[in-house]
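Positions annotated as compositional bias 'Basic residues' by TrEMBL: 1-11, 306-316. Sequence annotations record features per position, and here TrEMBL assigns compositional bias 'Basic and acidic residues' to 224-237. If you look up TrEMBL, you'll see 97-190 marked as domain 'Retrotransposon gag'. Under the heading region 'Disordered', TrEMBL lists 1-21, 224-259, 286-316.
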Amino acid sequence: MATRGRGRRGGRNNQPPPPAFDQQAFMEAMGAMTATFLQASSNVGQGGSNNLQKFRSHNPPTFVGGGDPMVADNWFQQVDKILEAMEIVSDATKIRLAIFQFEGDAHQWWTWAKPIDIGRMTWGEFQELFMKKYFPPAVREVKAHEFLNLKQGAMTVMQYVAKFTELARFADDYVATDLAKVRRFENGLKLSIRGKIVGHRLHEFDEMVETAMAIEREVEDAKRIREAGSKDRKKEGQFSTTSSGKRQKISTPPGDREISCNFRVRHRPLPLHERGLRSQARAWAEAGDRAFRPGLQGPRGESSPSHHRFYRQISQ
């Protein structure tokens, strides 16, 4: 038993001493860690710079504030589209890139309204804060009412589609489904198009737009044909037919209003004294055909051929 005890004590005494502290190796390790940290920090900073360069390459619009809510809404929509195309997932990065485009009144507002820690702010919270300032709920209600009363009127189908799409986002509850969107668009079309499209019972918005545009082209073509026919009939009315069957143009005095007409020219009845004169002249002409010869006299002694020509002229 005593022998085993001495063995354990002897084994404990034979363990190697702990290594001496190597200060040089410790300093080298700390230097390597510091270099790694600095490299990582440099990469992060360069990544932010690259994001800004890519963002600016898309030519994002600047925003200076102002009183037109639609300008503010359009600015946010464009910036949001660019950030989505860049596939940026960090809300803090999105916010920093967006506010980089603030100028004038907008920059002053953000300096006052921004939270202490932007890193904890979500993109949705930024949108809510921005819209509350530049697109208040009262304006949204006005735009929703405008959408509910939207009609095509004098707009083309493409213009109507653009206006419909612009205002629809302010009335999401009324176009929650594609079918509801189609029906509301259909009800706003002008009668000449809606009357031809109702029977199709379309359910897809894109199909509705294509069909409406096709019908619009048909309506415009029919209108041009009618107008061309009307012009042709107007030109026909500028001519009259004489008793001999020939067409003659009716001249309109300068300054008078041109009236389309189509009639046959009829001679008025001759007075009795003119009828007798014409009958007598006709008789002289017929007699002259028989009597006038070189060196001969006419029925009443007229020997000049000019008399004969005169009688023939007035007898016609």
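Quick reminder: no glycine exception, Cβ is built from N, Cα and C everywhere.
Note: the domain 'Retrotransposon gag' (97-190) comprises 67 helix, 1 strand, 26 coil (DSSP; helix = H, G, I, strand = E, B). Per-residue pLDDT, averaged along the domain 'Retrotransposon gag' (97-190), amounts to 93 for this model.
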